[in-house]
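*Asks:* Here it is: the structure, laid out below.
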Amino acid sequence: MEFSEHIKTANVEDVVLRRPFYQPTKGTLCVTGHHLIFSNRGGDSARPFLLLLRNIDAIEKSVENLLGYSRLFSSTGQSQRPSVSSGTITLKCKDLCVLQLDIPGMEECLNIASSIESLSSLETVSEMYPFFYRPPFLSLQDQWGLSSTEQHYAQMKEIHDGWRVSQVNRDYSVSPSYPPAVIVPHSIDDETLVKAARFRQGGRFPVLCYYHRETGTVIMRSSQPLSGANRKRCREDELLLQAVIDGSELGYIIDTRSSQQAQQARMTGGGFESKSCYRGWKRLHRQLEKGKVLQESLIKLVEACGDQSHSVDRWLSKLENSKWLSHVQTALSTAGLVAECVERDGHSVLVHGSEGTDTSLLVSSLAQLILDPDSRTLAGFLGLLEREWVQAGHPFQQRCAHSAYSHVRLRHEAPVFVLLLDCVWQLARQFPLAMGFSEPLLLRLAKEVYASDYGTFLCNSDQERCVTGVKERTHCLFQSLLRANERQHYSNPLYERTELAIWPSIQPPSLQLWKGLFLQWTDDALHLVEAQKVIQNLVSQCHRPLNEKVENTDG
Amino acid sequence: MFNRNVENVRLIDTVTSRRASVGTLYLTATHTIFVENETEILTETWVLHSLVFSVEKQASTTTGCPLLVRCKNFQVLQFVIPQERDCHDVHVSLLHLSRPEHYEELYCFSYNANSDREDRRKAWDFINLKAEYSRMGLPNHLWKLTPANHHYKVSDTYPADLYVPKSATPPVIMGSSKFRSRGRFPTLSYYYKENHAAICRSSQPLSGFSARCLEDEQMLEAIVRSNPRSDFMYVVDTRPKLNAMANRAAGKGYENEDNYSNIKFHFVGIENIHVMRNSLQKMLEVSEAHFPSMSYFLEGLESSGWLKHIKAVVDAGVFITKAIAEEGISVLVHCSDGWDRTAQVCSVASVLLDPYYRTLKGLMVLIERDWVSFGHKFSHRNNHLNGDPKEVSPVIDQFLECVWQLSEQFPCAFEYNERFLITIHHHVYSCQYGNFIGNNQKERTELGLQEKTHSLWTYLWKNRTDYINPLYRPDHSQTQGVLRPLTAPYCFKFWGALYNRFDRGIHPRQSVMEYLMAIREETQQLEEQLASHEMKILNVEKQQKKSVNLETNMFDRSPAVWASPPSNSSVGLANTPGDYSGLGGFLKSPYQQKEPENSLLILPWPQELRKPTDPDLSTNGDDQESGIAGLSCLSPPNEESAKDPDSDETAYSAA
């Protein structure tokens with residue numbers, strides 16, 4: 001296979017690996033097409049350490065030629081002949097772990113470094129590890145993914161009167177980033193949809209993402225209308241939105257840009273729904289950052305967390321300066337607003353920004369978590385991610401090409417999905433009993449989205465996933481997470497389903513830094529993990545079995 | 001004295017400022033009481049006069065005259081009184097009532113917790129410092145009890161019983177005490193029996209620029225000798241070096257390493273009481289802001305310097321812990337007078353060193369030893385009487401926060417929970433119990449507190465189930481031995497549960513602790529149940545040959561009490577959307593009229609007039625409270641409470 005071209009040195013002996021929580025160990029390093037494998041020299045039962053090359057965000061190397069000192073070394077009485085030169089490779093991973101490899105021999109070190117560099121930046125989707133990963137517990141014959149639009153629709157009997165599944169995008173010609181099937185108002189035919197799609201960026205016309213049973217109102221999402229500088233209109237787009245609110249009522253459009261940004265978008269052909277054309281719809285602007293701003297925020301936050309200084313002032317100032325928690329606050333507050341419109345006011349909401357592939361998805365999925373108890377179960381949450389992120393066309397490959405350590409010039413990177421996970425963590429922290437899943441699931445997802453054995457987060461859209469054969473030749477992460485033993489690991493032991501909406505507090509003292517993610521490689525995280533185990537034991541090993549026992553003896 | 005009620009007073013919800021409740025304001029000799037008269041279930045707010053920090057009358061408006069009451073437990077109440085004249089009267093009365101001139105006016109002298117004289121007397125013996133020193137292994141061949149301070153003749157701010165090195169003779173003690181501020185000579189605070197190292201404490205030496213005192217030098221030499229395995233000791237001055245040097249000009253100062261053989265001198269740089277007072281004030285301003293941005297909050301938190309000060313205290317504790325446990329070196333700690341920073345640092349080090357102080361009773365003992373007995377000036381620092389505002393400072397508050405920060409880092413290592421710390425904080429100010437009245441042991445004895453007042457410790461012990469951390473594992477590796485905390489800046493967090501204690505919207509809406517406590521209680525019930533079932537089965541088997549109908553009432557608990565696991569979390573969910581629109585209630589919601597009571601003590605009607613309840617239990621996290629209320633009644637959430645998540649009242653009425 002062509003991977004071998006990239007591998008200049010496949011094996012090095014006597015490498016010292018340094019990583020968090022472990023003593024430095026000496027062993028053999030091996031570079032393969034997709035992994036770094038480090039095995040202990042003693043060959044004891046300890047499993048070799050496996051690192052997905054895709055996980056490596058940045059690599060730093062320093063070599064030392066110790067030729068001049070070799071005599072000094074030999075006089076210290078070392079049994080082995082000392083290497084005349086050595087090098088150190090620092091690997092900064094996308095899961096924020098930092099590893100160090102001390103490699104004897106300058107040449108080996110440079111070879112390993114360059115092999116890692118080229119292999120970890122391979123861009124061809126079909127060469128990525130998920131296409132080679134074949135776990136025994138999954139079969140390629142299984143359905144890829146948890147559910148399709150049609151299956152999802154079939155489960156929601158209550159919307160069948162007003163809403164239908166449209167296959168208008170079955171060949172991805174109407175919107176390249178939409179899935180083949182979407183849910184739209186019953187009264188709108190495919191022809192109208194095609195025309196409305198032409199009026200929306202990337203063809204992303206308004207589609208249903210959530211139906212609220214109690215009020216009968218909905219959350220929709222789309223991209224921006226292409227009204228442009230001369231305020232073009234589109235009859236079909238207006239009809240579509242009118243059909244949503246049935247003409248009489250009020251609806252809210254939550255634009256995730258500031259009104260100034262929306263105005264400016266008209267200059268480049270984008271725009272917003274003007275009041276005169278969309279009667280009954282009230283537009284609200286809430287500025288959510290995305291793209292470069294968000295990526296830089298993550299970089300600054302991770303840098304702050306790695307700061308070794310002991311000054312509280314410096315820490316708080318860096319934390320503030322990163323603005324990450326401000327982004328969390330804005331995202332939760334906008335989602336809260338959407339949910340409030342739906343649940344408290346009883347009005348439907350359309351969410352969009354510009355492309356409709358980032359902040360719109362963030363807001364619509366958080367609003368659903370606030371409102372919908374079904375989306376708070378483990379399977380429900382994964383289903384939500386599948387619908388609102390994978391199928392809805394969040395460009396994972398572009399957004400997650402690099403993480404916080406990379407020195408590569410940024411192109412499309414943005415940690416929107418990580419921001420979502422952080423917001424979900426904040427929700428779960430404020431409502432520790434309301435979520436069926438636990439923090440380890442969020443941490444696993446934060447890792448998998450950057451580097452994974454599974455194909456779920458490959459590509460940028462459903463269409464690309466079909467073209468590259470992801471659905472036939474890789475396994476689905478979500479299915480794997482729902483297997484019995486994994487399910488137990490990722491379930492929240494305290495979970496007690498509540499039908500109520502969970503309104504998060506967005507007051508600054510209520511929002512905290514997600515230590516589990518951003519400080520997961522410090523000792524601090526260890527104590528918290530231990531505490532989680534104690535909770536798990538308390539609930540599952542003491543209480544529940546006892547309960548059953550009592551019931552049994554009662555009988 | 002003004003002693004009547006004012007009608008049609010409005011209580012403004014300072015957190016959301018969306019809603020006000022109308023009711024009647026009563027001023028009694030001990031409490032301000034606001035009785036809401038609009039709702040079906042009468043709700044009341046009780047505020048102890050001794051908890052009032054400031055009363056501020058603001059410019060009157062068309063709707064009335066606002067009166068802002070800030071409390072020492074961080075509750076803020078804004079009343080609007082229709083008549084300016086009434087407001088003036090309330091203002092003047094409250095100022096007078098909240099600033100008593102004499103100890104005898106304090107609440108603890110009138111508070112009667114329904115117990116007879118003998119019980120009260122016994123209750124004070126619950127925490128016994130003699131027992132504490134013998135728990136440490138004292139007196140022994142290295143340390144002895146000295147009668148030097150009996151009748152407080154050497155130092156009137158020290159306790160009567162003090163432990164000193166065996167070799168410290170009375171002349172050495174007397175001489176040393178003359179060379180120390182307020183006669184507070186070096187004496188033992190904590191003895192680490194594993195390796196004989198000890199934490200000693202004192203006040204600063206009166207060294208000026210060059211003065212020496214042979215006896216004081218001998219005293220320190222005696223401390224070094226009382227630790228047989230080491231040949232030197234650390235002297236930790238908890239002040240910033242600059243402050244210590246400034247003190248030399250006033251004839252005070254710090255130990256000169258050249259004069260004292262075998263000491264290593266060390267500054268740790270904790271700021272003085274004035275800096276701490278201002279820092280807290282700044283932090284409270286930040287935490288009280290309405291809908292601040294994240295940046296405003298973090299910048300404000302930084303510029304207040306509060307967490308920096310907390311870290312400085314913990315760092316000092318860690319330094320001492322390392323010296324004692326790892327190096328086996330004794331430490332002498334002092335600041336200026338040795339009753340503020342010294343108390344903080346010694347007690348933090350004790351918590352880190354000894355698992356005992358991480359238990360309920362251990363923390364009580366520790367506060368009794370390092371704070372109460374060693375003369376921390378509670379009445380001055382906590383503003384019990386109308387006194388010098390410059391004497392007020394959150395010194396013990398910082399100690400309690402240090403313990404909280406540690407318990408956040410080691411969730412399984414502490415037997416007590418956050419509520420325990422908050423309750424102690426509350427009563428340090430409340431003057432409901434006699435423990436913290438006065439400034440030293442001498443004063444306390446003269447006041448006859450043990451005869452006339454109640455002890456907080458027995459009250460807390462009686463209610464200890466409320467204060468147990470369900471995650472505590474005495475056998476856990478985290479719990480045993482010395483705690484080695486990280487002190488990286490990110491380990492220090494804003495303690496919202498204390499400083500925003502009454503801004504209910506800010507706290508997590510469901511509490512893991514409450515849930516686990518309920519589970520634990522249920523587990524106990526289940527175990528009893530199981531035992532009783534098994535007994536019953538056994539009996540049934542035994543008696544099958546005989547008659548069967550003997551024990552119908554083996555247990556009287558109805559199955560409904562335990563049959564379902566805690567499933568009423570939805571009741572505890574009582575919460576409403578925040579102000580997401582940023583427009584202050586721009587959305588017209590039919591529910592907004594019914595927002596939950598914020599920061600109020602809510603009690604069902606008739607009981608509360610009979611006895612002033614302990615406000616702490618009812619106000620500490622009402623959401624969790626309602627969750628518990630739901631658990632204890634264990635009825636599934638009915639249609640009503642599910643539909644109207646706003647009404648806490650439902651939860652309470654159900655209970």
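Here the Cβ of each residue, glycine as well, is placed from N, Cα and C on the backbone.
Just so you know, TrEMBL annotations are computer predictions that nobody has curated.
Residues or ranges marked as domain 'Myotubularin phosphatase' in TrEMBL: B:123-499. Residues or ranges marked as substrate binding site in TrEMBL: B:N272, B:I273, B:C335, B:S336, B:D337, B:G338, B:W339, B:D340, B:R341. Per TrEMBL, active site, phosphocysteine intermediate is recorded for B:C335. What TrEMBL records for B:516-543 is coiled coil. For B:602-655, the entry in TrEMBL reads region 'Disordered'.
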*Asks:* Where does B:W339 (substrate binding site) sit in DSSP terms: helix, strand, or coil?
*Replies:* coil
*Asks:* Which three-state DSSP class does B:N272 (substrate binding site) fall into?
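*Replies:* For B:N272 (substrate binding site) - judged by DSSP and reduced to three states - the answer is coil.
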*Asks:* Would you count the other C-beta atoms found within 10 angstroms of the C-beta of B:C335 (substrate binding site) for me?
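*Replies:* Taking all protein chains shown, B:C335 (substrate binding site) has 28 Cβ neighbours within 10 Å.
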*Asks:* Using Cβ-Cβ distances, find the residues under 8 Å from B:N272 (substrate binding site) that belong to the same chain and are at least 6 apart in sequence, listing them in sequence order.
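*Replies:* For B:N272 (substrate binding site), the qualifying residues are B:R239, B:N243, B:S336, B:R341.
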*Asks:* List, in sequence order, the same-chain residues at least six positions removed whose CB sits under 8 Å from that of B:W339 (substrate binding site)?
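*Replies:* Spatial neighbours, sequence-distant, of B:W339 (substrate binding site): B:T157, B:R184, B:S203, B:F374, B:G375, B:H376, B:K377.
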*Asks:* If you count, for each of the binding-site residues B:D337, B:R341, the other Cβ atoms lying within 10 Å of its Cβ, which residue has the minimum?
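*Replies:* It is B:D337 that, of the binding-site residues B:D337, B:R341, has the fewest other Cβ atoms within 10 Å.
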*Asks:* Looking only at B:N272, B:I273, B:C335, B:S336, B:D337, B:G338, B:W339, B:D340, B:R341, the residues listed as binding substrate, what is the longest Cα to Cα distance in Å?
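*Replies:* It comes out at 12 Å between the most distant Cα atoms.
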*Asks:* Across the coiled coil (B:516-543), what is the average pLDDT of the model, as a whole number?
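*Replies:* Averaged over the coiled coil (B:516-543), per-residue pLDDT gives 80.
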*Asks:* Taking the recorded substrate site as B:N272, B:I273, B:C335, B:S336, B:D337, B:G338, B:W339, B:D340, B:R341, identify the other residues of that chain whose CB atom sits within 8 Å of the mean position of the site's CB atoms, giving them in sequence order.
*Replies:* B:T238, B:R239, B:T342
